[in-house]
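Annotated features in TrEMBL:
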- 34-53: transmembrane segment (TRANSMEM)
- 60-79: transmembrane segment (TRANSMEM)
- 111-131: transmembrane segment (TRANSMEM)
- 138-160: transmembrane segment (TRANSMEM)
- 180-209: transmembrane segment (TRANSMEM)
Amino acid sequence: MFRPFFHALGFLTRLPIPWNENRPSDQEQGQSMLYYPLVGLLIGQILTAVSFLLGDADSLLAAAIILSVWVAITGALHIDGLADLADAWIGGLGDRERTLAIMKDPTCGPMAVATVVLLLVVKLAALATILTQGDWTILLLVPMLGRGALVASFIAMPYIRTGGLGAVMADNLPELQAKGVLLILPFICFLCWGWSAIWVLLGCGLVFWTMRRALLKRINGLTGDVAGAFCELIEASALVIAALVII
């Protein structure tokens, strides 16, 4: 139980954890994905604590600090995936193999930069609005939803890369248990947000469905970069919708 959890925590964050010298087995790496939403909740708790420490600070300044902490905690892991996908989507010109090749290229093109800047600006604006409203539960739950979307992407799409950590996780993910974990997330949202949760969940579901449809058409499946993009775009969508409907 603990090894998969700590593997998830070490993979998704830069938080210090009690490492074990033994490498996680393939089965443990797959099981670690069951704990991704829980790691998201832990990230949310840290962001909420930072929000409380900032007290009555200007909302824009507080939002910038919280967003900086957010990026630092995660090591910009999923932002990197979104950037790679953005470059590949434009540069691939509709061709599957070209898109996948560009996605593996470590260099960063102008579309990647523009996408990351826009993502951070949208998150910053949404966070400033949320801090003005004073609903700390949004900070708590949005990272959970993002990592839940990451798990959902592995269930909803075939993994198309061979070899690597993503392929190991996809092959060893206990799907039935993962679906059970994902079913818990809407109940947590309803508990914290009431009926307003419907709009957040519907909006995130629409974004997820649209991305899935486009990606299946272009590359026929999922890669690690795509999974990271799912996490980032669902987080941004949840922040924006929550800022609009949860008062």
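Glycine is no exception: its Cβ is also placed from the backbone N, Cα and C atoms.
When each of the listed stretches 34-53, 111-131, 180-209 is scored by C-beta pairs under 8 angstroms to the transmembrane segment (138-160), 34-53 comes out highest.
Same-chain residues lying 6+ beyond the ends of the transmembrane segment (180-209) with a Cβ under 8 Å from its Cβ atoms: 34, 37, 137, 140-141, 144-145, 148-149, 151-153, 155-156, 230, 233-234, 237-238, 241-242, 245-246.
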